[in-house]
Amino acid sequence: AIMERLYKPFMMNNYRLIFTDIPSAEMIKYAANSMLATRISFMNDIANLCELVGADVNMVRKGIGADSRIGSKFLYPGCGYGGSCFPKDVKALIKTAEKNGYPMRVLKAVEEVNEKQKSILFEKLLKHYNGDLKGKQIALWGLAFKPETDDMREAPALVLIDKLIEAGADVKVYDPVAMDECKRRIGDKVVYATDMYDAVLDADALLLVTEWKEFRMPSWGVLKKTMKKAVVIDGRNIYGRIDLMEAGFLLYNIGG
C-alpha cells in the first residue's frame, strides 16, 4: 500500500506498477536488458547474412518490424553494443546460470556475436585495402558507445582503435563529448581532432562509429575535397548509398 501511494503520480501517466518477489524483480531487470541485447546481436547476424545473399537488411528490418508480435524497436544493425548495462547484465545472467548448473547458450552466442561485430568495420576496411593498412590515415567519427554520453565502457571504438593500430594505421578521432574520456583510457595512441572535418584531413577512409546528430548530415563536398580517398564505412547505417554515390564516395555499411 505504501509503495502504491509512493508511485501513484507515475501510474497517472499510464506507467505500470508490478509487485514481485525480490528474485523475480532482479531477474526482470537482467532479462529485459538481455532480451534487448539479443535483438541487437540477432539483427547483426541477419545483416551479415544479408550481405552474403544479396538482401537489404533495412528492408528486412522494416518487414519483420511490421509484425506486431515483433515490433520495430532494437532491430537496427550496427558495429556492436557497449556501455554499462547490456554487457554487464548479459554477463550477470550467464554467471547466475552457471552457478546454478545451467548453460545460457543463447546469451553466450549473443556475447560472441557482439564481440565479433565490434571488428566488422575493421574487417571491411582491411578487405577494401587488400589486407594492408600500414601507413593509412584512418578517421573515426564517434568514440562513446552511444550518442549523448561520454561513456566508453565496452565501446566498439576501443576495439576498432586497437585493431587499426595493430595493423599499422594512423588513427585520428573525433567525438563531441568523449575526447577527454578517450585520452584517459588510451592516451596518445591516436591523434585527437579539433572537429569532425579536421578528423578527415587527408584520410584514406572515414569510419562512422557513433551516430551523433552532427555526423548525420555532413558536407560531403567538403569531405570530398578534404579526404585523400573517398571511402566511408558506416557502422550505424545512417547514410544513404545514392547520396554518397552522387557525391563521389564509395560506401560500405552493415547489411546493405
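Backbone N, Cα and C atoms are what each Cβ position is placed from, and that goes for glycine too.
For the substrate site, TrEMBL gives Lys29, Phe74, Leu75, Tyr76, Pro77, Gly78, Gly82; the one candidate out of Lys136, Lys146, Lys163 that the record lists there too is Lys146. All chains included, 23 other C-beta atoms sit within 10 angstroms of the C-beta of Gly82 (substrate binding site). Around Lys88 (NAD(+) binding site), taking its Cβ as the centre, 14 other Cβ atoms fall within 10 Å, counting all chains. Looking only at other Cβ atoms within 10 Å, the busiest spot among the binding-site residues Lys29, Arg153 turns out to be Arg153. Reported as a whole number, the C-alpha separation between Arg153 (NAD(+) binding site) and Lys146 (substrate binding site) equals 10 Å. The 10 Å shell around the Cβ of Pro77 (substrate binding site) contains 28 further Cβ atoms across the protein chains shown.
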